[in-house]
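Following: one structure in structure tokens, then a few remarks.
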Ligand code: GLY
């Protein structure tokens, strides 16, 4: 077990030792115990704590999300939204969609100037970028699957916010590099800005956030969507160009959706349906790659990568054309994941050359990328599983903190297609299906996924990474099922990503050069990225042995009951 001890000097705050001296645990093998994997050791610990109190997977999921909102403010949130995919030990599958929605005053062309040019600064930064948050409603919707009370599940987060916790080096660097944006988008003092640079071991105390969490604890849903918190959020909107109203907040509703399920080589994959594109993309990519018997090849070899990239190209072209909030579009999911359709789509594949993106969809423009969001995987000792991916969209979302309430607001409006053909911050382009309409959910890429073998959870997996999310989850599943690699190797091997547009395939910086060179000879454009994804995976073998791994790319950590 790889352990990294973060030791810090106690500050003058009165602190319990657990918040200043904690282990980052990258890998655990256990049996008959619950495990939680998340982006932060203290959040995973909050989940494990409620498991020890007699809670189940869903209790742990709620406690971990609240804790992430405190200790991982760049993506953990109460001001954003997310998706939960659950499989109970009785076989029941369910999903909760607590994605943000467009405010009632939103409109199709709200980010276009008089000449019709898209202003993505407005959809990505500041108050107009904010969608109506769904996370807290999602936590309350999860309660029906829980054993403990909200009072108990929120308490670890209140303690972390009130007493403070030691920030890690990665967090210190992020806070420092975002200082300028925090100052630009917040008129009042916020705890995330200091006169001197943050450093590893500094204590971050969030009193206002603690008070907001206490209001939720006392008043339930109304503690967020009505009363003081809602009023603070709406006042914050009025300090700039924000359009969310009290009515928008009061009317927010979680959607319970039927999980998207499909067979992959005898395993049942359970993932998120629209308004996330994740499940559909995963089904399309896995099925198309299976037409070439992917299991014959090796992970990250030229042929394997070529097959997978070409499957990605075709799936992401469909994302741009057909996918959006199912309440607003003609939902073509069954057709898009059918063999009839996919076999035909795959006919143009050839090992001799790269397919051009223009051959599989209508070309538009060159994008840029960003990789935020966060994922939690949990299994308890009774065999209940959950995968949750939650987001503010960009790092620290809109960068706006609700004054008096202490939490970051999302910039999820940028996940709409602000103008057909104009790439969002992930470089994804879209069309009418994902255009802005009041009360509509913006298309997502989040792909919380549970793979079942003989009806029982086998893999619980997910990752942040914007549009790279489905391709990273795809690679994880292929690594385990086709290439028979273990969890640790799968997660920490270098990844690649292609999304139809741009034409280039992205490779993590330590990706095998020989494969990249071979692909270039076949006509592939390539580029290097520092990092792709931060996958949290739990694998449960036929004998009930649990192997949980937290991605080595960040402070991600496993905690055991
Ligand atoms: N905001 C990232 C996603 O939902 O895909």
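The backbone N, Cα and C atoms fix where each Cβ goes, glycine too.
The active site, nucleophile feature in TrEMBL is assigned to 373. For residue 373 (active site, nucleophile), the same-chain residues that are 6 or more apart in sequence and have a Cβ closer than 8 Å to its Cβ are 75, 389, 390, 391, 392, 393, 446, 464, 465, 466, 469. The secondary structure of residue 373 (active site, nucleophile), as reduced to three states from DSSP, is coil rather than helix or strand.
Look at TrEMBL and you will find 99, 391, 392, 393, 415, 444, 445, 466 tagged as L-glutamate binding site.
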99, 391, 392, 393, 415, 444, 445, 466 excluded, remaining Cβ within 8 Å of their centroid (L-glutamate): 80, 81, 373, 410, 412, 442, 446
All-chain count of other Cβ atoms within 10 Å of residue 391 (L-glutamate binding site): 30
Close-lying recorded positions around ligand 1 among 373, 391, 392, 415, 444, 445, where CB distance stays under 6 Å: 373, 391, 415, 444, 445
Maximal Cα-Cα distance (Å) across residues annotated as binding L-glutamate, namely 99, 391, 392, 393, 415, 444, 445, 466: 14
